[in-house]
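Asker: Copying in the features that TrEMBL gives for the protein in this structure:
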- Glu87: active site, proton acceptor (ACT_SITE)
- Gly9, Thr10, Met11, Asp12, Cys13, Gly14, Lys15, Ser16, Asp86, Glu87, Ala88, Gln89: ATP binding site (BINDING)
- Val170, Val171, Val172, Gly173, Tyr184: substrate binding site (BINDING)
Amino acid sequence: MPELVFFSGTMDCGKSTLALQIEHNRSARGLSGMIFSRDDRAGEGKLSSRLGLVTDAVEVEDGQDLYAYLVDHLSRGGRADYVIADEAQFLAPEQIDQLARVVDDLGLDVFAFGITTDFRSKLFPGSQRLVELADRVEVLQVEALCWCGARATHNARTIGGVMVVEGAQVVVGDVTHSADEVGYEVLCRRHHSRRMTAATARAAALSPDVLPVPST
Ligand SMILES: Nc1ncnc2c1ncn2[C@@H]1O[C@H](COP(=O)(O)OP(=O)(O)O)[C@@H](O)[C@H]1O
Ligand SMILES: Cc1cn([C@H]2C[C@H](O)[C@@H](COP(=O)(O)O)O2)c(=O)[nH]c1=O
């Protein structure tokens with residue numbers, strides 16, 4: 001049975017790498033994938049991983065009907081044996097419905113990859129729809145870690161390493177925090193709710209105002 005699978009996790013946990021591996025393994029067996037992406041850091045029409053691999057993708061536009069795009073592609077003699085959608089959090093809920101229709105009406109597997117929640121730990125609309133519709137939601141096995149060593153479950157947006165909680169939901173970026181630049185850092189829930197990034201934790205530890213806590 002074809003499936004809609006949502007591979008979800010924090011930033012930097014290997015989602016795009018897995019997407020590229022699925023693509024590689026299937027194309028190595030002669031299958032042909034339709035690859036969608038949106039706002040990849042590597043640029044328009046790309047699906048890229050931090051491990052350095054990159055492939056071409058169809059850049060999804062606002063209002064684009066993904067089901068109609070596939071039907072059109074197939075009716076012109078194009079091939080598509082499965083579908084990959086990276087950065088799926090950036091897709092509109094209607095586009096996720098269209099991907100579900102690709103599974104149900106065209107009989108193709110759809111593998112969607114994306115972060116579930118934004119920097120305020122609120123669901124992206126596209127991710128919410130994926131959770132609602134997916135046959136399976138898979139959490140990636142490679143754990144991204146918080147600076148404290150716990151499993152990272154949340155995405156923080158930072159400016160110069162300091163967590164911010166105001167701003168647009170979508171700001172394309174990477175897990176870096178050079179001065180003045182918008183970046184991201186993955187944190188455990190405790191440190192996300194305390195707004196404590198690696199930089200602010202280090203600064204607090206060095207501060208003369210912080211009294212040493214005797215160990216119990
Ligand atoms: N230099 C490296 N050596 C080994 N693994 C790396 C290196 N750089 C990145 N990675 C791996 O790549 C993962 C990020 O992969 P990527 O597919 O770009 O993540 P995502 O799409 O989830 O944001 C990191 O969690 C890490 O496991
Ligand atoms: C938390 C959060 C992230 N983003 C952006 C930042 C990146 O461009 C992508 C995530 O890509 P990755 O391959 O999973 O690292 O999403 C955003 O726009 N808004 C947010 O709140």
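From the backbone N, Cα and C atoms, a Cβ is placed for every residue, glycine too.
Curation does not apply to TrEMBL; its annotations are automatic.
Note that the structure is predicted; figures quoted are calculated from it, not measured.
Provide an account of the burial state, proximal residues and distances for the features listed.
Answerer: Mapped onto three states, the DSSP output places Glu87 (active site, proton acceptor) in coil.
Taking the Cβ of Lys15 (ATP binding site) as centre and 10 Å as the limit, one finds 23 other Cβ atoms among all the protein chains shown.
In this structure, Val172 (substrate binding site) belongs to neither helix nor strand by DSSP; it is coil. Sequence-distant neighbours of Val172 (substrate binding site) (same chain, six or more apart, CB under 8 Å from its CB) are Asp39, Arg41, listed in sequence order.
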Asker: Which binding-site residues of Gly9, Cys13, Asp86, Ala88 contact ligand 2 in the sense of C-beta under 6 Å?
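Answerer: Checked binding-site residues vs ligand 2; nothing flagged, none.
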Asker: Near the substrate site, what residues other than Val170, Val171, Val172, Gly173, Tyr184 in the same chain have a C-beta no further than 8 Å from the centroid of the listed C-beta atoms?
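Answerer: Same chain, not in Val170, Val171, Val172, Gly173, Tyr184, Cβ within 8 Å: Arg157, Val182.
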Asker: Could you tally the C-beta atoms, other than its own, that fall within 10 angstroms of the C-beta of Glu87 (active site, proton acceptor)?
Answerer: 25
Asker: When you measure from each Cβ to the nearest atom of ligand 1, which of the binding-site residues Met11, Cys13, Lys15, Val170, Val171, Gly173 fall under 6 angstroms?
Answerer: Met11, Cys13, Lys15
Asker: Non-local Cβ contacts of Tyr184 (substrate binding site) (under 8 Å, 6 or more apart, same chain)?
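Answerer: Non-local contacts for Tyr184 (substrate binding site): Met11, Phe119, Asn155, Ala156, Arg157, Thr158, Gly173, Asp174, Val175, Thr176.
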